[in-house]
Amino acid sequence: MLRAVSRAVSRAAVRCAWRSGPSVARPLAMSRSPAPRAVSGAPLRPGTVLGTMEMGRRMDASASAATVRAFLERGLNELDTAFMYCDGQSESILGSLGLGLGSGDCTVKIATKANPWDGKSLKPDSVRSQLETSLKRLQCPRVDLFYLHAPDHGTPIVETLQACQQLHQEGKFVELGLSNYASWEVAEIYTLCKSNGWILPTVYQGMYNATTRQVETELLPCLRYFGLRFYAYNPLAGGLLTGKYRYEDKDGKQPEGRFFGNSWSETYRNRFWKEHHFEAIALVEKALKTTYGTSAPSMTSAALRWMYHHSQLQGTRGDAVILGMSSLEQLEQNLAATEEGPLEPAVVEAFNQAWNVVAHECPNYFR
């Protein structure tokens, strides 16, 4: 079964490549995901990246392959994983799909990350070990985008960056990315890389959604100044912005998900599971009903439309939203929402009011 699904995924990738035109040898610069075209002079919307954190956990290999196929068949082509996702199963599943990741003529782009957790570090040996292990799992010679997943405050950053430069020179990754770093750390890293002639970071992956906007104050201006594009994770606040939860649910038995039943559950509950967040969601839900009546979009749709049309993401700068999922149905619903138009002004204002309700306890974007 998996073999058949894998072949289907590979065929989808070929069709995607065909739509993109003949294959050509690429220089050492990453091809970005095709962003949605502007309609009638509207601003270019942010791109969409497939987040694969649940592959190997809530999604088995067959279900994972089906979601990748559905994603590619929409003409999208960037996949995001990490060394640590599901103890490496996410990378292994992606590597088993026969996509030809990392080859010169592959139009499907892959990103992974090295982290400083669970006995790992960002010391040179650990960075190399993590990346080379990821390449083996992904069955590819190089990744298109290699992130430092979070700061390692016990390792001098210059050592980490030197290691990244060496790995880049060896052809093991194309672009360097940062995630969960403070804005001052981004400035320090960029300056160090530039002064030493090392590969410059070009992408930052950070937490951003309609009720988690801390990045707007300092980080986004920093990224604009240094020319990094921004990829937003947690666009639905781990699922809280779907509106399917109630604050009292934390005290009862819940099905497995971001907030319950896994090693990251406590982190996500500490991040988003707060009374003010539920009050903020109620404000938006009321505005949706008042504004749209019986044709009101779902809370999920509204939250994603806010990201694509009303946030500070800019498609012209190559910004993107990372869409995760725990099923094919969920992915298809989320992708449909990304193609919908802007929200009515009253709902946008309700989202602003919601942000004001939770701003005082917004989780930090850095670690």
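Cβ from N, Cα, C; glycine included.
According to Swiss-Prot, the features are:
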ACT_SITE  TYR85  active site, proton donor
BINDING   HIS149, TYR268, ARG271, ARG367  substrate binding site
MOD_RES   SER40  phosphoserine
MOD_RES   LYS136  N6-acetyllysine
MOD_RES   LYS244  N6-succinyllysine
MOD_RES   SER263  phosphoserine
REGION    27-46  region 'Disordered'
TRANSIT   1-46  transit peptide
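Feature map: annotations from Swiss-Prot on the structure.
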{"residue": "TYR85", "record": "active site, proton donor", "Cβ within 10 Å": "23"}
{"residue": "LYS136", "record": "N6-acetyllysine", "Cβ within 10 Å": "13"}
{"residue": "HIS149", "record": "substrate binding site", "Cβ within 10 Å": "24"}
{"residue": "LYS244", "record": "N6-succinyllysine", "Cβ within 10 Å": "12"}
{"residue": "TYR268", "record": "substrate binding site", "Cβ within 10 Å": "20"}
{"residue": "ARG271", "record": "substrate binding site", "Cβ within 10 Å": "21"}
{"residue": "ARG367", "record": "substrate binding site", "Cβ within 10 Å": "13"}
Give the distance between the Cα atoms of ARG367 (substrate binding site) and the residue listed as 'active site, proton donor', rounded to the nearest whole Å.
18
If I take the Cα of HIS149 (substrate binding site) as reference, which of the recorded positions TYR85, LYS136, LYS244 has the closest Cα?
TYR85
Taking the residues HIS149, TYR268, ARG271, ARG367 listed for substrate, what is the greatest CA to CA distance in Å, to the nearest whole number?
18
I want to verify one value. Collapsing DSSP to three states, which class is HIS149 (substrate binding site)?
coil
Roughly how many angstrom lie between the C-alpha atoms of TYR85 (active site, proton donor) and ARG271 (substrate binding site)?
19
Of the recorded positions LYS244, TYR268, ARG271, which sits closest to the residue listed as 'N6-acetyllysine' by Cα distance?
TYR268
Could you state the whole-number distance in Å separating the C-alpha atoms of ARG271 (substrate binding site) and LYS244 (N6-succinyllysine)?
17
Coarse DSSP state, helix versus strand versus coil, of the residue listed as 'N6-acetyllysine':
helix
Quick one: pull the CA-CA distance for the residue listed as 'N6-succinyllysine' versus TYR268 (substrate binding site), whole Å only.
16
In terms of DSSP three-state secondary structure, what is the assignment for LYS244 (N6-succinyllysine)?
coil
